[in-house]
Amino acid sequence: MPPAPAIVRTLPSLRRALERLRARRGTIALVPTMGALHEGHLALVRQAKRRASRVIVSIFVNPTQFAPHEDFGSYPRTWKADLAKLAEAKTDLIWRPDVSTMYPRDFATRISTEGPAIARLEDHFRPHFFGGVTTVVGKLFIQCRPDVALFGQKDYQQLKVVTRMVADLDLGVKIVGVPIVREPDGLAMSSRNVYLSNEQRARAPTLYRTLKDAAGRLRNGDHLEAVMADGARTIEDTGFSLDYFEARHAETLSPVGSLKDGPVRLLVAAKIGDTRLIDNLGV
């Protein structure tokens, strides 16, 4: 059995651990997570090990990115399983702060963004979300001082928001987006997939199949508006409550009218039962 990674839970212990890592020279990669790790997270860790000498994984279920009606209290917390997976992946350091460390009682500063953060996608349906994400990610970057940080492309708008924040604030962290890891039937891996009933799980791959079908039709020259309308209808007919099914510019997330408007990304968010799923695909 591989040795367990070093685990730190306070800022002073994190600083001491970072001094030891920096003393060995080389570069540091950070993989921010909320735990409940799956193969998608481990793909980030493997990519991090290829890009840096040392890898830090943070595990923190961030309360500020959840609205009161969302699933902060029930979000999966699987610490023992997470630790075993990170040991197997040969992670160097786990940063596992508690809420009072990240947000002391007198905490009063937030990072807010515009640009990709106001694209009327996740920001429209979860207006609290990106303020929480940018603040916690900014703090993690300041605390861990990584050279590179890795994020999954499943949360595509989040990836673009973090990339914009780093550029705007001169944080000096290279942001790497890692392709979505999927189940054999195409469902994007997500910690929230455990919420799905057997029946819902059987329907869930509809999102990816619809993305693939739409991308193929667009590449074949079909009219974008008709393709997107057909896709939205397919998703709703499968029993989903659709938040959005959108074609956007892959970099700016601005709306597009056709493939001629630049690299295009298709993005979808929908609920089946009480579980909200997101996915995306480049055209």
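Placed from the backbone N, Cα and C atoms, the Cβ positions cover glycine too.
If you look up Swiss-Prot, you'll see His41 marked as active site, proton donor, on the strength of sequence analysis. Of all the Cβ atoms in the protein chains shown, 26 others lie within 10 Å of the Cβ of His41 (active site, proton donor). For the recorded site, His41 (active site, proton donor), the DSSP three-state label reads helix.
Summarising the annotation, Swiss-Prot assigns ATP binding site to 34-41, 152-155, Val181, 189-192.
Residues annotated as beta-alanine binding site in Swiss-Prot: Gln65. Taking Cβ-Cβ distances under 8 Å and a sequence gap of 6 or more within the same chain, the neighbours of Gln65 (beta-alanine binding site) are His128, Phe129, Phe130, Gly131, Gly132, Val133, Val136. Gln65 (beta-alanine binding site) carries a helical DSSP state (H, G or I).
For Gln65, Gln158, the entry in Swiss-Prot reads (R)-pantoate binding site, with the evidence type sequence analysis.
If you take the C-beta of Val181 (ATP binding site) and look for same-chain residues 6 or more apart in sequence within under 8 angstroms, you find His38, Glu39, Gly40, Ala43, Gly152, Ala188, Met189. Residues near Gln158 ((R)-pantoate binding site) in space but far in sequence (CB under 8 A, at least 6 apart, same chain), listed by position: Glu122, Phe130, Val133, Phe151. When the alpha carbons of Met34 (ATP binding site) and His41 (active site, proton donor) are compared, the span between them is 10 angstrom. Spatially close to Leu37 (ATP binding site) yet at least six residues away along the chain are Thr78, Ala81, Asp82, Lys85, Leu86, Ser191, judged by Cβ distances under 8 angstroms. A helical conformation is recorded for Ser191 (ATP binding site) in the three-state DSSP classification.
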